[in-house]
């Protein structure tokens, strides 16, 4: 395959946007919708868990999860996600994208339901079972990252590939939004049916027994969108790039894509047989290090740094909003009303900044390029984070709280119209087909390592050094992300084989991709 590309791959690269592209986006995207819902819905109910299971008789304020328990509930799913990204990323290159795709989805469905049914007669047993099932939920979610990105990149044409992969990831925004909407609906319904006084009026009566159903319903709901798309995932054919370049079966690749593209494609087994010996270097080899080592360092470091800031902000919005007085003190509300208020605040942020940011990336990624969007996103995240952190006392004044929310929303907007989308897109494009899922999994797992630091670290940092200094640290982290972006090559408008070097895997193609990593 060292010269002319396979016709089946060329046909995919130049194919006009068709119905199957949108079908693939929805099928892969619903996995990400579920991922985001499951990962972030827990932040809506942690305050409620504290009231239900950690109430202290005679206390002047409602029960709260102890720091170690809160960190575990928020962070354990990320530990599972990290493990799943590495394992399923590797498995996707060994067994094929399609075969592994269904496993991850069913794991997510089962563990979403099991998390909501967490059992036990003592707070510690309820939290322990919740954490156990959320770990395995995260494990399934982790597999969805490399598989969804790789499948979409290998199905897409080169002209709009970035938009298609970004559109899959943009479903994450709708998942975050859905979490808030479901929590608003459930909490409103329960609050209307089971009215209760505020905590300061009657501590014991402020948390009705039925409140235990609220968090369980919110958590279980995440199983339904994943279950709806399971059948369609199983109907998708294996990607032609895996079948031809990894499984070395040109006949099957041509047959599968002939049905998808509705054109006749011939098998070119002889080209694959010619290229076998040239394209077989592994991940832990000198050849990979020389050709893709800096690329992998770029994708892992930028995703790691992004997720420290992004997940800290997402998971602990409620704490920041309370600190500046945007949410009323917990003791002035009953337990279910507090869920409603937190959900309303997070939904507003998602609606005004998170969701639009994702779709700005979808619209412009194939125009501006991945490099420019990522660099710009990190830059503005840094600017707005410092603008919030340095005059932090100014933003806590009642007259300036709306300004704070606007500034805080803009950091989310530029995270999503920036590195939160591009760090997902690029690893699915720049590595060889036989290592694409593995390298995407490694990059994503590096991101989740950052998310774990964000989830556990922010919890302790805000108590140890205060919200202001913690936000300054997040600003520095964003600034570092800008510098590491220069290691990531630009893949706009190139075929996957061209940008990964598989079109003729030699030093020239890789050198060329590096020199184009900084546009001039």
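Glycine is treated like the rest: Cβ placed from N, Cα and C.
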- As TrEMBL has it, transmembrane segment corresponds, among 135-162, 163-190, 247-274, to residues 163-190
- Query: Which of these ranges is annotated transmembrane segment in TrEMBL: 330-347, 348-365?
  - Reply: 348-365
- Query: With the ranges 302-321, 402-421 to choose from, which does TrEMBL describe as transmembrane segment?
  - Reply: 402-421
- transmembrane segment per TrEMBL - which of 371-390, 491-510: 371-390
- the transmembrane segment (163-190): which same-chain residues, six or more beyond its ends, come within Cβ distance under 8 Å? 21, 24-25, 28-38, 40-41, 44-45, 148-149, 152-153, 155-156, 208, 210-211, 213-214, 217-218, 221, 314, 336-337, 339-340, 342-344, 346-347, 350-351, 354-355, 357-359, 361-363, 365-366, 416, 420-422, 424-425, 428-429
- Message: Within this structure, do the transmembrane segment (441-458) and the transmembrane segment (20-46) have 3 or more Cβ pairs under 8 angstroms, counting pairs 6 or more apart in sequence?
- Response: no
- Query: Near the transmembrane segment (100-119), which residues from the same chain, at least 6 beyond its ends, have a CB less than 8 A from one of its CBs?
  - Reply: 31, 34-35, 38, 84, 88, 91-92, 125-127, 129-130, 133-134, 136-137, 139-144, 147, 151, 215-223, 226-227, 229-230, 233-234, 236
- Item | Non-local residues, at least 6 beyond the ends, that sit with Cβ under 8 Å of the transmembrane segment (402-421) | 166, 169-170, 173, 302-303, 306, 309-310, 313, 320-321, 324, 326, 348-349, 352-358, 360-362, 364-365, 373-374, 376-378, 380-381, 384-385, 387-388, 395-396, 481, 485
- Query: Against which stretches of its own chain does the transmembrane segment (213-232) lie, if we need a Cβ under 8 Å and a gap of at least six residues from its ends?
  - Reply: 23, 26-27, 30-31, 33-34, 37-38, 41-42, 44-45, 48-49, 52, 102, 105-106, 108-110, 112-113, 115-118, 179, 182-183, 186-187, 190, 336, 339
